[in-house]
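As recorded in TrEMBL:
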{"type": "DOMAIN", "residues": "154-532", "note": "domain 'SLC26A/SulP transporter'"}
{"type": "TRANSMEM", "residues": "152-172", "note": "transmembrane segment"}
{"type": "TRANSMEM", "residues": "192-215", "note": "transmembrane segment"}
{"type": "TRANSMEM", "residues": "257-284", "note": "transmembrane segment"}
{"type": "TRANSMEM", "residues": "336-354", "note": "transmembrane segment"}
{"type": "TRANSMEM", "residues": "366-386", "note": "transmembrane segment"}
{"type": "TRANSMEM", "residues": "425-444", "note": "transmembrane segment"}
{"type": "TRANSMEM", "residues": "493-514", "note": "transmembrane segment"}
Amino acid sequence: GTVRSNSSCRELIQTVEDIVSLSDTHTTAYTGEEGIRQLDHKLTVWFSDWTVIKMNADELSRGQGQFMGQKRRRSSCPSVSGSGTQVLIARAPFTQTVFDELHLKKDLSPQASLAEKIKRNVYCSNRRGWKLLTTYIPVVKYIRYYKFRESALSDFMAGLTVGVIHIPQALAFGQLTSVKIQNGLFTSLWPVLIYVFFGTSAHVSMGTSAVMSILTAATVDREGQAWATNKQWIMNQTNNVTKLDDIPEYLDFKEEVAMGVALISGIMMMVMGLFKLGFITAYLSESFFTAFTSAAAVHIAVSQLPAMLGIDIDRSSGIFKVIVTVIDLCRGITEANLAAIVCSIVSCVVIYLVKDCINERFKHKLFLPIPIDLLVVVFGTMISYFGKFNERFNVDVVGSIPTDIPPPMIPIEGLKIAPNYMVDSFIMAILIFANTIAMAKICAKRHNYELVDSQEMLAYGLCNAVSSFFKCFPSGVAPPRSMIASSMNARSTLNGIFSSVLILCVILFISPLFTELPKSILASIIFIALKG
């Protein structure tokens, strides 16, 4: 707009306020000595971040003024008639949050007493109650303002697609975590459902995670072996045929240790979320995360080689476990199972070709990426069943999977040795938050919405703490699932309900069909997932 010299002060202020209300870069030309003087004063007092440029009418019309260190484009200069000195006011674009942080002033007198401050800030009202409720339970606001016609189909499709990806990852990462296979299915159910109520990102998919699984496996193997060493009746059951992981009591103890780790790390994240300690992750550099995930990938890959080669060796724990595992593999290479090797090679080749040559190359043309992991699991199970791989070729298979939802329980045996893995739980809490919030912010930036870091940390803590009572191990985000939710344009966290329903159906009705699934195929899925 243009403010002439005969404009009143009220018009000047109104013009400035109109500029403030805009969120993009805008320019306004002012003419007249009185208007320039008053406006310059107001801008100096109110907005120190604005750029004020004085130029004459000819310069303004030619667009030769300097703006933010660059020449203005001719089309961005307003057309102003008249002569004399004019002023061009411009500012960089702001989000509402950044603008409020810069310019919003709290109406609180520094001379106010403590009692007056408490009286002003501690009060009850319907508006404040609603804000408190929607801050800590965001799903209430999502339901209240949910646009069914616009969002329901997107959430439904995104939830089902992410749920399909959950199935093979749940089976594979359950094996990677060194606990029971069904624990992976439970971890793909409860954290997803809990995040629906307390999360603020429509694209974060909680559940099994490769990095969390390998860290949990290191802890449960270390504590499990220490526990078994002190139980002579456990050690007496081990021989050339029976391994520790084949003893039900040993697996039950490791399961409780994993539950204890999830509970303690979840409580730590909840406390940090309530005290607004999310800034801690700012001190973890990108090089740290790169090095950590690369090292974890090496450990994960080596840990899957025995299953891919069909070699049965004891799990190693502690330092140099990678070297010890490789040495044991070399010693037992003559016992490799040819059928398991063929399953692994075929699975790796098929998954790699479909993911890189079809899904990635034609991602803009495909409505949905081909769920090749799930297809490999389904066809691998069918071929193994009809070919009787376990009986004819001695291929190790998943075995029976319970078809019920376990009641909540407290991991008493696992919590008895909680001091032994307290440091491990703290490390997992930091890594779960750092990895998950990083993915959440990428999706938030892509879809233009705000995240509340402290609420996200609280949500991640609840996902782990509450789900630990339902036989779940530590959970976090998996980038492939979140990127699929982002590409499917999920609108709210309610899409997680559809993923949870699908996993629930798998647990109750479909899981017995995976009895003949070769473990070498699950190991191949994990191995290929490490790419990139």
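Any Cβ shown, glycine's included, is placed from N, Cα and C.
Because TrEMBL annotations are produced automatically, they should be read as predictions rather than curated entries.
Listed by sequence, the residues of this chain that lie at least six past the ends of the transmembrane segment (152-172) yet keep a Cβ under 8 A from its Cβ atoms are 181, 184-185, 187-188, 192, 205, 207-208, 368, 371, 373-374, 376-377, 398, 478, 480-481, 484-485, 488-492, 494-503, 506, 514, 517, 522-523, 525-526, 529. Simply put, out of 192-215, 425-444, 493-514, 425-444 has the most Cβ pairs sitting under 8 Å from the transmembrane segment (257-284). If you take every residue in the domain 'SLC26A/SulP transporter' (154-532) and average the pLDDT, you get 89.
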